[in-house]
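**Student:** Following this message is one structure expressed as structure tokens.
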Amino acid sequence: MVFSSFEFLCIFLPVLCIVYAILPSIRWKNGLLIIGSLLFYAYGEPVYVLLMIGSSLVHYLLAMGISKSASAKKPLLALDVILSLVVLGLFKYTGMIVTTINQIAHSNIPVPAIVMPIGISFFTFQSMSYVIDVYRERVEVQTNFFKVLLYISFFPQLIAGPIVKYRDISKEIDERHTDAQQVMQGLQRFIIGLSKKVLISNTVGQVADHIFAAQASSINGVTAWLAAISYLLQIYYDFSGYSDMAIGLGQVFGFHFRENFDHPYDATCIRDFWRKWHISLSSWFKDYVYIPLGGNRKGKVRTAINKLIVFFLTGLWHGANWTFVVWGLFHGCFLMLEEFVPKLQKLPRVVAHIYSLVVVTVGFVIFRADTLSQGWMFIRKMFSDFSMSAAGNSLAMQQMTPWFIFILVIAVLCAAPVNSLAKGIRSKMTEGSKGLAVCGTIKSVFTLVLLLWCMIRLSGNAYNPFIYFRF
């Protein structure tokens, strides 16, 4: 089940909210959220919901063991990490490993058809962070299995993040309060995220998919750049839209998740980009990989190597394809370059912004490509094929519908950090109780219009993927 589906919007969410509001105590509310989350996951993964429950039980038991036995802490932590990585590797990377062996050894080992559980990378990392934090004594062990299960399975962030650390919501699992204003704010945030996904990401995504699926002979530099920019916007609005929906839904039920994006395309270097993009994943790798490796405490060379290791793993986390690994290493190399050439972080703002955008765009071409050779073909066309071939121009012009151009302009404008401007306008509009009421009414009407617009688009459009579901 996806957030942008009629089943979720018209049946699952309304029923869950109504029953949640009726239930008298936090214990019953938590029980409802567990049942709802398991049903949500079982809708698309009826078998693998048992894997998630079993995985949660194993993490719960190992965390309990770590908290009770000082002598067994390290072996139990090692067991937890090994089991987590084995399960993740089995379901996610077996096909990639066998295919790579076949290519290197010119063998013909059958590639097993293993279906990857949706969101396994997210809930595996979330579970590991809980056990590691118990080991480090950053959080108290949770003795109630069902509270651990709620933390891991809570449906808003279950299948595409953000990756929530237990210490951020442990108190809210035990005690939380919601009121009408908080629910309204959460629903408005959800609708904003839904609009990002349905109105923007789906529109530019169709163009990107169409061009990336075209024959190489029909692509020139203009077409390649159109595909690259379309995908740059698609993945941002797809993923940040999902994060907005998850954060909004969490707020509806009394949970407060940390922000996952902060206008990453306004970054002035790659280091700055990773402070703003998929913040929960960056934070996870910083806390549980980068700092344990030594972080930046052992000189520039060691720091650069640590960053390269982290971004190799970041790429691998995203998918079982060498395109993701190369994308991660590509970013890692630029982070190393910025480590050794500090002037790259002190360029004039306009130049720095262009540098960051070009690097990120090229990186996402590699990320989006089906193969490394296709990615290289697109990059080569972007920077060397300036011919105005009839086939390339025709393919580009086919995509330039009035609706696409309108959405493209909106997408580019909204990717900029307009929050400060919006807050300034709102502060002037909300001077006095009358202004506050007017501003609230405008926002409510605006989000209602967006919701209706999304429903209309969903009713007539079968194209509705979520990019990060496959991770």
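Backbone N, Cα and C atoms are what each Cβ position is placed from, and that goes for glycine too.
Below are the features listed in TrEMBL for this protein:
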type	residues	note
TRANSMEM	6-26	transmembrane segment
TRANSMEM	38-61	transmembrane segment
TRANSMEM	81-101	transmembrane segment
TRANSMEM	113-132	transmembrane segment
TRANSMEM	144-164	transmembrane segment
TRANSMEM	308-330	transmembrane segment
TRANSMEM	350-367	transmembrane segment
TRANSMEM	403-422	transmembrane segment
TRANSMEM	434-458	transmembrane segment
**Student:** Are there at least 3 C-beta pairs under 8 angstroms linking the transmembrane segment (434-458) and the transmembrane segment (350-367), leaving out pairs fewer than 6 apart in sequence?
**Tutor:** no
**Student:** Taking a Cβ cut-off under 8 Å, which residues six or more beyond the ends of the transmembrane segment (434-458) line up next to it in the same chain?
**Tutor:** 4-6, 9, 184, 187-188, 191-192, 194-195, 198-199, 202, 426, 428, 464
**Student:** Mark yes when the transmembrane segment (38-61) and the transmembrane segment (144-164) have three or more Cβ pairs under 8 Å (sequence separation 6 or more) and no when they do not.
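**Tutor:** Counting Cβ pairs under 8 Å, at least 3, so yes.
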